[in-house]
Amino acid sequence: MNVEQSILPLIPILVSLLAIPLIIFTGEKNPNLREFWSVLAGVIKFAVVVSMLPAVLAGKTLEFELFKLFPGIEVKFRADALGMLFALGASFLWIITTFYSIGYMRGHNEKNQTRYFACFAAALSTTMGVAFSANLFTMFLFYEGLTFVTYPLVAHHETDEAKQGARKYAIYLIGAAKIFLVAAIVITYMIAGTLEFQKGGIFTEAVRHAYSAVLGVVFLMYIYGFAKAAVMPLHGWLPAAMVAPTPVSALLHAVAVVKTGVFTVLRVIFFVYGTDFLKELSTTNMALFMAAFTITVASMIALTRDNIKARLAYSTVSQLSYIILGGLLLTYHGMLGGIIHISNHALAKITLFFCAGSLYVCAHKTEVSQLDGIAKKMPWTMAAFTIGALGMIGVPLVGGFITKWYLLMGALDRGSIGIVAVLLLSSLLNAGYFLPIVYRAYFKNFDESHTHGHEIRENPFMATTLTITAILSIISGIYPDLIINLAKEVLK
């Protein structure tokens, strides 16, 4: 591994942390300045991440050790191909989501906006910490930190429903970490003597033979310990968290929280266990089955939900397991498909949540059954929704198609006809719960009596951001080279 010492991996973590006091101090007195700090921090963060891209694409790894607790346990940061793919998407979409948040929070006259933007900044700092962690210990610190700083965002409305949703969010994520994740990390350290990520895994050949059964169980503990990945049955927190404002839902589902879940699982697959060792473990097939089960069942549940955000929530549960399934196929094309779906899902799903928020703020619509003819009133929103939906289904020319193509190739390479069937069925189910929304919006008549005298007009901030992410979903389907090249660098 071509390692270069550099402070650059630390800077994206610090940037938005330094912005938090500025956001708080300007606060309610000067909302424009408060939001300026949010946007500025996002732009600087993204610029720093982009500055590391040429080195990573050239095969280099940038490292910075902050401090060492004792041998094998350091707070250390590393920019490599997998971390860069995650960080690029998260840092860019944070800028877009900040602009969207301005339109949403002002358009809906939300309270506690200063707390919202401060926690939002903290969430992206911890996300960058997860992306650029060089070992399990550092990744655990930031992974857990993300749970705590997003709790106020889930509870934002401070209603009984919001508090209940936030409690469920915390219980699932903190509980899973305490029961499974801490134990898995401790056992890993005791057996391997290190927590440092290494391509091909950290376990020696002798350790693999001596502790094969134990490490097989520990692997399942990682899958469920990283409960942000929402593998069934530890998925219940995600629909419960839909009580949060829509920009928070976008943050949870596309930019930060769930993506840290699947990202950390991929880290364990590629850099703790290694694909060769996982091929020897029987529990790998168990985890693969649970991912396939989650894809199918969550899609079926989504079909039954009339609430737009609830339908999108179960769609997210299903789509996350595409990423895990790709990693667990342990074939080149399958793993490539899983990695690139981190970005492709992020673009399509954030578009869909932006559209859901636009429908709520501008038209007061929250249910699928309320969307008859809405495209006539909100053409930009529904055009973007259609593109996002096609991406989730896997239609050509949208990023999601690239994912499905590689996953199907990976399943065929493995000879897993059952996985091929799951992927095809899932696409049909996706069409089943997305296309009726599009049909209602475009081909049914709008009932003016339901507006109660309220003029439906799209918010410029919101319409602009959802249009940008929809266009990017198409670009990622037509010009996927950057994402694919980073994914290939991971698999070298």
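Along the chain as shown, residues are numbered 1 onward.
Just so it is clear, glycine is given a Cβ too, placed from its N, Cα and C backbone atoms.
Summarising the annotation, TrEMBL assigns domain 'NADH:quinone oxidoreductase/Mrp antiporter transmembrane' to 133-428. Residues annotated as transmembrane segment in TrEMBL: 6-25, 37-62, 82-104, 116-134, 169-191, 211-231, 251-274, 286-308, 320-340, 384-407, 419-439, 460-479.
The listed stretches are 37-62, 286-308, 320-340, 384-407, 460-479; of these, 286-308 has the most Cβ pairs under 8 Å to the transmembrane segment (419-439). Here the transmembrane segment (37-62) has long-range neighbours at 1-6, 8-9, 11-12, 15-16, 18-19, 22-23, 26, 78-81, 84, 87-88, 91-92, 94-95, 98-99, 101, 117, 120-121, 124, 128, 485-486, 489, 492, meaning same-chain residues at least 6 beyond its ends whose C-beta is under 8 angstroms from one of its own. Using a cut-off of 8 Å between Cβ atoms, the transmembrane segment (116-134) and the transmembrane segment (251-274) share at least three residue pairs, counting only pairs 6 or more apart in sequence. Within its own chain, the transmembrane segment (320-340) is flanked in space by residues 82, 85, 223, 229-231, 258, 261-262, 265-266, 269-270, 275, 278-279, 284, 287-288, 291-292, 294-295, 298, 402-407, 409-411, 413-414, 416, 419, 426, 480, 483-484, 486-488, 490-491, which lie at least six positions past its ends and keep a Cβ under 8 Å from the stretch.
When the stretches 82-104, 251-274, 384-407 are ranked by Cβ pairs under 8 Å to the transmembrane segment (6-25), first place goes to 82-104.
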